[in-house]
Amino acid sequence: MSLEVSNINGGNGTQLSHDKRELLCLLKLIKKYQLKSTEELLCQEANVSSVELSEISESDVQQVLGAVLGAGDANRERKHVQSPAQGHKQSAVTEANAAEELAKFIDDDSFDAQHYEQAYKELRTFVEDSLDIYKHELSMVLYPILVQIYFKILASGLREKAKEFIEKYKCDLDGYYIEGLFNLLLLSKPEELLENDLVVAMEQDKFVIRMSRDSHSLFKRHIQDRRQEVVADIVSKYLHFDTYEGMARNKLQCVATAGSHLGEAKRQDNKMRVYYGLLKEVDFQTLTTPAPAPEEEDDDPDAPDRPKKKKPKKDPLLSKKSKSDPNAPSIDRIPLPELKDSDKLLKLKALREASKRLALSKDQLPSAVFYTVLNSHQGVTCAEISDDSTMLACGFGDSSVRIWSLTPAKLRTLKDADSLRELDKESADINVRMLDDRSGEVTRSLMGHTGPVYRCAFAPEMNLLLSCSEDSTIRLWSLLTWSCVVTYRGHVYPVWDVRFAPHGYYFVSCSYDKTARLWATDSNQALRVFVGHLSDVDCVQFHPNSNYVATGSSDRTVRLWDNMTGQSVRLMTGHKGSVSSLAFSACGRYLASGSVDHNIIIWDLSNGSLVTTLLRHTSTVTTITFSRDGTVLAAAGLDNNLTLWDFHKVTEDYISNHITVSHHQDENDEDVYLMRTFPSKNSPFVSLHFTRRNLLMCVGLFKS
């Protein structure tokens, strides 16, 4: 409690007596409750005598208390029902700030919507009357200018006029822009402009248009006309032209990289070097070659010659040394976990199994096995198969994770501590002896999330599992104790995807909060936060060398991030819908992305260019994967179809002819590269996985 006593000995006499009376009543109340130290201190500070205090009656105290309590109630009421001058003071400040922000959309007080519409109409006529060689590039300016004029009309309060303007001219635009325009038409108040993601993004970054120098010169000459001043102002504030020398692009080439909310990527977005090569593998020969025995001393020189011992033969599979890749990062570029002996043995086993791999081609397609989840009343939201193809994990809408064994071996749990102490730790099969045979089960459930599970991911060593959920958390599960060992919190919205690094230890997640985050299993804080997407990040994937992470977003872009610096080193545009799936090629140079727009795009990470677009699916492409030898690309989606593409021919044509967006082939990619299509029986695909021997495993959900 604080007490103001500075006016006791001065000021107005009436006010003095009133204040002193209240003070005496307070002292009387303190004395009543026997707060002696407080009473003495206050009497000394206020210079009050005991005689003055004795003159105050109990009724005086009650009267003052009633007045104080009444004033408190009045103050509380005034907080809810304030006077017109004060009641909306805070909201007035907010409205003033909003008005100031909205004023940015309108250049002057004499705003004339008709003037802007007439300017756009003339621009549209100019584009239509242009020569065919320039028309397609010039038409790319219509969408961003149309949207900016709509913002200005809506900010001026003319909602119906703004809606009428969009409805009148939206037919000029390509179909992939209609979805964005439909969302903008839902804006009903000028203030909603300040909260819309697309509006904020277009205010912060300029819309990028790639255009030949000749096309750009024609456009500049047109907007220099006095009647085009309003268009020229929009162009200078909100558009960025990335010009190049050479012929203007045709319709196909313009559409190939269009579709993003902020246009195409700038050249400087893809200029940084990317070390896409693979890291040098460990020398496995040292794991299998026994240590040389110490040489015996030859004491008797006259003794007959002893037979020489034969040197053990080297395994030709293991003696192959991997060549150093000039495009690979240094082994210490990012700190990678040191391989334990058990990890090396797992890699050795994988290498031996890979030696029996089937070489795939158009004449020798992979065999495919389809796992169908039946009677899943909880709803299957995701599925993942372990790298050694022995386990299947599925996430469900009821927040559970369920794991099945795909082999006769059952899922066993760790023995108790007393039994573990009795084991010989030097035993070669210690990993098997640690598990209790009596606890074996075909399937196990993991409970802990409080929302639908959107992704599961096995660790490379197959003893850990990651899961992410709508509850904004990521959980790390032990597949030895079948329990949650860590809960990672950092995202503030649902987490859509999570992936382990190929070398283990690190993992990456992405969320509705427009970010992706890099984590380490031994830290509950994110190591890197990748910020740059304009909408939620839907999918994520680790590069085979663990130095980079790819993300796909609802802003229709694909980005590549450097784990060491946290910077975006590639920005790739071309999708016409949210990016739903990603996969790196076995060599690390290429990235495939699937989308809600039904398309699959192949990207070259060396320069960020679009290699080709694969058109065959009729619905969202939910999952993509490459064969282990990198020759076949498998894709599947909600259209219940599995497609196999000749990726070897894609790269062969690209390298030999260097087909780029500027020189796009006229042939139908479906006819050239599609190897085979396999339909499922009313079962959308959830996951695809190639085994080490190139057997294709599919997981789907049967819809009755």
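Each residue, glycine too, has its Cβ placed from N, Cα and C.
As annotated by Swiss-Prot, compositional bias 'Basic and acidic residues' applies to 314-324.
Per Swiss-Prot, the feature region 'Disordered' maps to 287-336.
Along the repeat 'WD 1' (376-405), the predicted structure has mean pLDDT 92. Marked as repeat 'WD 1' by Swiss-Prot: 376-405.
Summarising the annotation, Swiss-Prot assigns repeat 'WD 2' to 448-478. Residue counts of the repeat 'WD 2' (448-478) by helix, strand and coil are 0 helix, 18 strand, 13 coil (DSSP-based).
Mapped onto DSSP helix, strand and coil, the repeat 'WD 3' (490-520) counts 0 helix, 18 strand, 13 coil. Under the heading repeat 'WD 3', Swiss-Prot lists 490-520.
Long-range contacts of the repeat 'WD 4' (532-562) within its own chain (CB-CB distance under 8 A, at least 6 residues past either end) are made by residues 197-198, 201, 259-262, 265, 272, 274-279, 328-329, 333-334, 336, 493, 496-503, 506, 508-516, 518, 568-573, 575-584, 586, 588, 591, 593, 595, 601, 603, 605, 608. Annotated repeat 'WD 4' per Swiss-Prot: 532-562, in sequence order.
Marked as repeat 'WD 5' by Swiss-Prot: 574-604. Below 8 angstroms of C-beta separation, residues 175-176, 179, 256-260, 276-278, 327, 535, 538-545, 550-554, 556-558, 560, 610-615, 617-630, 633, 635, 637, 639, 645, 647, 650-651, 654 of the same chain, each at least six residues beyond the ends of the repeat 'WD 5' (574-604), sit close to that stretch.
Sequence-distant neighbours of the repeat 'WD 6' (616-646) (same chain, 6+ residues past either end, Cβ-Cβ under 8 Å): 354, 357, 359-362, 365-366, 368, 580-587, 592-596, 598-600, 602, 670, 673-694, 696, 698. According to Swiss-Prot, the repeat 'WD 6' annotation covers 616-646.
DSSP places the residues of the repeat 'WD 5' (574-604) in helix, strand and coil in these numbers: 0 helix, 18 strand, 13 coil.
As a summary of secondary structure, the repeat 'WD 4' (532-562) carries 0 helix, 18 strand, 13 coil according to DSSP. Residue counts for the repeat 'WD 1' (376-405) under DSSP (helix as H, G, I; strand as E, B; rest coil) come to 0 helix, 18 strand, 12 coil.
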